[in-house]
Amino acid sequence: MAGAAQHCNGERAVVLLFVSRVLFSAPLSLSFEAAALVLLTVCGLVVEISADCSTALDRFKTRPGASSGILLGAVTLPTVMLSRLIQLSRALLRQDAGPEELAYMSMQYWTVSVSCFGVLIFFFFILRRSPNNASSSSQASKYSFLHTVLYVLTCCLLFATKSDSGWFITNNLLWLLWHGLTTVFLIQHILQTFPSCASIGEALLVSSGLVLYFGDMLGLTLSKINFSLLSSKLNFIRYGTRSEIATVIQGHLLGLLLLPVFYKSLLQIWMYFANLNKPEEQAAEGWTYRRIGSSAVFYASLLVMFTILVPAWMYFIQDFHVHPLLWVFTFVLTDPLKRLALCIYWIGVICASVLRFYNISKHSKIERILLRKYYHLVAVLMFLPALLFQPSFLDLAFGAALAVFLVLEMIRVWKIWPLGHLVHQFMNAFTDHRDSEILIISHFSLLLGCALPKWMSSGFNDRPLAPFAGILSLGIGDTMASMVGHKYGVLRWSKTGKKTIEGTAAGITSVLAACSILLPLLASTGYILSQHWLSLLLAVTVSGLLEAYTAQLDNAFIPLVFYGLLCL
């Protein structure tokens, strides 16, 4: 009992409550998916406890002050995808969605589940080979072997119910295996390339999400090639028609992922032809020439990527009749009164808030954590009106903002002339202990925390509050919890933590109050309200408790957990 109590902390208890709530809502038709999630949760819990008792994973330099977060990072995305599957299964019963859409989402679930499970098995092997963990190596081996056998058996049984073809089962297992191996490689690359920037759980969330997103792009591209060999291998993946906005966002994010490789390649070619190997007496002049030249190569790479290479992929996937950038301008001007007015409103809010808060950060003694929460309120002011009245335009705006953030971060990290120093100086005014000199991630996590619930709600959605999960949990709940807890908090959740019971209560109450105001507004715009207040109360409470207990990046996890619970 004492050992069990020692291994049970607040974060793990909240995660298990989150997973249990989703499993309780799963219908019998999703029993294989539910069984896989149970195996993944148990495996994640065992790995996290083993990692806490060992130094084997210290080879990865993680963010100082953060726990490993392996369990939370491993189960968050699979549990959210299962929640989405439960939502689509309701739509299938009411004939609001077809079986192809459910099959596609099921494959997405298995993709991210196998990705996370593969990383956990990789951690099992690291723990087994640890010299200071020899006593428990045999036990870890037994756990990893047992979990692997049961998990693979579950996958095989699922695919066997879909088809009796051996090729069908083999090809889909190979497709999932490729995602798992890619995720294992990617999480090592992230933790080694960006040391002290993320915990293991945060890196697992990012790597599994990237593999899921860009693996979907690869599958879509292969399905468009229409070769019989590839078609037979991917016949379980059903790719229906997707919107032009989704293709534009996906294409530009793909371009930004490939931009570093493209830029470095062009830079090497330029340096070869520029013959920069000058004598030492010309070192200063050569450095200036190299700096300006490399910056010019960066801007040229950016221009070529987004005007030629990325649009070429978009043409192939979506059959655009005009250049995708021209399509974006046409889309904005389709409803110029509302969309242009919204753009002007956004620019005004951004300029006013940036100038005001930057001056405060330089001359005021307000704690930086509170100053950053003002940006959460700015996110509410910007995104809430658009989500109510221009949701499709907000999808595109989220993608554009993310692209701008990524480009600015590249300019800052690579010190691209003439903006690199200015961007670094400005962004450094709003960093906290979770940021580092290598990467500043807080603004990314806030933007993605608001955007992901909206993007994931595309298609069928019978829970009108689900797209608002990020705005409500971060813009209102997290902000009020921090402000009230900082000013009035006395009772702490733990002896070592800073989160207070008063702050958590304020966050939960503020989100419930915002929902009570938001639901009538949604009803007035034509939404059919189907959100049950008991389910809503449980979702708000669980996400509030996660904010209180987790040592992970709350902007990344809380919106996803809240969204997953709102879908039920």
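Using N, Cα and C of the backbone, Cβ positions are placed for all residues, glycine too.
Within its own chain, the transmembrane segment (22-47) is flanked in space by residues 12, 15-16, 70-71, 74-75, 78-79, 82-83, 85-86, 89, 106, 109-110, 113, 116-117, 120-121, 123-124, 127, 143, 147, 150-151, 154-155, 157-158, 161, 564-565, 568, which lie at least six positions past its ends and keep a Cβ under 8 Å from the stretch. Taken from TrEMBL, the feature transmembrane segment covers 22-47 (among others).
Taken from TrEMBL, the feature transmembrane segment applies to 68-87 (among others).
Taken from TrEMBL, the feature transmembrane segment applies to 107-127 (among others).
Feature annotation from TrEMBL assigns transmembrane segment to 143-161 (among others).
Residues or ranges marked as transmembrane segment in TrEMBL: 173-191 (among others).
If you look up TrEMBL, you'll see 203-225 (among others) marked as transmembrane segment.
Taken from TrEMBL, the feature transmembrane segment covers 245-263 (among others).
Annotation comment: TrEMBL describes 296-317 (among others) as transmembrane segment.
Per TrEMBL, transmembrane segment is recorded for 337-358 (among others).
Among the features that TrEMBL reports, transmembrane segment is placed at 468-485 (among others). Among residues of the same chain six or more beyond the transmembrane segment (468-485), those with a C-beta under 8 A of the stretch's C-beta atoms are 369-370, 373, 376-377, 379-380, 383-384, 387, 446, 449-454, 498-500, 502-504, 506-511, 514-515, 518, 540, 543-544, 547-548, 554-555, 558-560, 562-563, 566.
As annotated by TrEMBL, transmembrane segment applies to 506-529 (among others).
Listed as Cβ neighbours of the transmembrane segment (549-566) (distance under 8 Å, sequence separation of 6 or more from its ends, same chain) are residues 9-11, 13-14, 18, 21-22, 65-67, 69, 72-73, 76-77, 79-80, 82-84, 198-199, 201-202, 205, 434, 441-442, 445-446, 448-450, 452-453, 456-457, 463, 465-466, 469-470, 472-474, 477-478, 493-494, 497, 499, 531, 535-536, 538-540, 542-543. Per TrEMBL, the feature transmembrane segment maps to 549-566 (among others).
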Interface present between the transmembrane segment (203-225) and the transmembrane segment (68-87) (three or more C-beta pairs under 8 A): yes
Leading contact stretch, 107-127, 203-225, 245-263, 296-317 vs the transmembrane segment (173-191) - CB distance under 8 Å: 107-127
Stretch with greatest number of CB pairs under 8 Å, the transmembrane segment (203-225) reference, 107-127, 245-263, 296-317, 337-358 candidates: 107-127
Long-range Cβ neighbours of the transmembrane segment (107-127) (under 8 Å; 6 or more residues past either end): 33, 36-37, 39-40, 43-44, 47, 50-51, 54, 56-57, 59, 70, 73-75, 77-78, 81-82, 84-85, 133, 136-137, 140-141, 143-144, 147-148, 151, 155, 158, 172, 176-177, 179-184, 187, 204, 207-209, 211-212, 215-216, 236-238
